[in-house]
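**Q** Mind looking over this structure? Questions follow.
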Amino acid sequence: MLVTGGNRGIGLAIARAFAEGGDAVAVTHRSGEPPEGLFGVRCDITDPEQVEAAYKEVEEKQGPVEVLVANAGITRDQLLLRMSEEDFSAVLDTNLTGTYRVVKRAARGMLRARKGRIVLISSVVGLMGQAGQANYAASKAGLVGFARSLSRELGSRNITCNVVSPGFVDTDMTRALSDEQRADFVKQVPLGRYAQPEEVASSVRFLASDEAAYITGAVIPVDGGLGMGH
Ligand code: NDP
């Protein structure tokens with residue numbers, strides 16, 4: 001199985017959860033070193049050539065990817081009138097087009113094998129919206145339409161495609177917020193706290209398991225009740 005952006009945060013927790021379950025795990029890391037004890041390949045998902053090279057490396061070592069978790073993502077928050085075209089397109093290019101790149105490459109092997117599991121990491125913000133995150137929310141909402149289209153295209157080949165939609169998770173991404181913003185966000189969460197990355201990982205593992213064989217095109221919230229059906 002392969003996790004993009006598996007060197008830290010939610011991606012690392014997902015990779016570790018699968019490794020603990022006995023799976024052969026590969027992670028992509030854009031910068032730095034691969035995480036200790038995990039097989040890592042360097043890859044910036046905005047570069048199609050790096051995506052192709054990363055898959056070749058993973059396939060040589062572990063065979064075709066049977067489970068893909070498209071997790072890598074960025075934010076560039078700004079209110080609309082201050083949001084540059086660069087801020088908008090960088091977020092779309094990483095979160096949405098980057099996911100298209102890695103999913104398309106994985107689907108090749110899955111179609112041949114006539115089985116596969118694809119899990120995309122979206123966000124509660126994709127369907128609720130969030131002031132200052134029009135680019136991010138658009139990219140994350142786009143993942144839902146993308147996943148649902150793929151579940152229709154690939155379902156007859158025993159490939160499922162689902163979305164996990166986390167709320168506020170305690171990672172570098174949310175640590176970048178001010179204390180005031182963090183406290184404000186927590187007030188909106190019925191469970192009254194941030195999620196730990198491992199709590200997202202357990203839903204991803206479920207979607208990749210035999211128990212979830214009949215689930216596709218679903219959006220699974222892991223948000224402490226924040227989205228309430230969004
Ligand atoms: P982090 O910022 O902690 O980690 C982001 C990961 O994505 C890093 O591994 C980073 O690599 C990688 N990445 C970013 N851009 C690229 C790129 N161009 N190519 C390859 N890898 C890239 O984020 P989180 O762990 O918090 O978030 C993981 C996912 O979960 C994201 O998609 C995010 O949108 C989503 N999410 C997060 C929530 C939260 O509250 N934290 C809530 C809802 C969704 P590098 O280390 O090289 O920068």
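Each Cβ is built from the backbone N, Cα and C atoms, and glycine gets one as well.
The shown structure was predicted, so the numbers you read here are calculated from the model rather than taken from an experiment.
According to TrEMBL, the protein has these features:
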- 2-172: domain 'Ketoreductase' (DOMAIN)
- Gly5, Gly6, Asn7, Arg8, Asn71, Tyr136, Ala137, Ala138, Ser139, Lys140: NADP(+) binding site (BINDING)
- Tyr136: active site, proton acceptor (ACT_SITE)
**Q** Count, for each of the binding-site residues Asn7, Asn71, Ser139, the other C-beta atoms lying within 10 angstroms of its own C-beta, and report the residue with the smallest count.
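**A** Minimum Cβ neighbour count within 10 Å, taken over the binding-site residues Asn7, Asn71, Ser139, occurs at Asn7.
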**Q** If you check the recorded positions Gly5, Asn7, Asn71, Tyr136 one by one, which have a CB less than 6 Å away from any atom of ligand 1?
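**A** Cβ < 6 Å from ligand 1, in sequence order: Gly5, Asn7, Asn71.
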**Q** Three states by DSSP: which one describes the residue listed as 'active site, proton acceptor'?
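**A** The residue in question, the residue listed as 'active site, proton acceptor', is helix (DSSP, three-state).
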**Q** Please give the greatest C-alpha separation between any two of the NADP(+)-binding residues Gly5, Gly6, Asn7, Arg8, Asn71, Tyr136, Ala137, Ala138, Ser139, Lys140, in angstrom, as a whole number.
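**A** The span, Cα to Cα at its widest, is 25 Å.
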**Q** Test of understanding: give the count of other CB atoms lying within 10 angstroms of the CB of the residue listed as 'active site, proton acceptor'.
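**A** Result for the residue listed as 'active site, proton acceptor': 23 neighbouring Cβ atoms inside 10 Å.
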**Q** Could you tell me which of these binding-site residues, Gly5, Ala137, has the greatest number of Cβ atoms within 10 Å of its own Cβ?
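**A** Within the set of binding-site residues, the most crowded position is Gly5.
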**Q** Taking only the Cα atoms, work out how far Asn71 (NADP(+) binding site) lies from the residue listed as 'active site, proton acceptor', in Å, as a whole number.
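**A** If we compare the Cα positions of Asn71 (NADP(+) binding site) and the residue listed as 'active site, proton acceptor', the gap is 14 Å.
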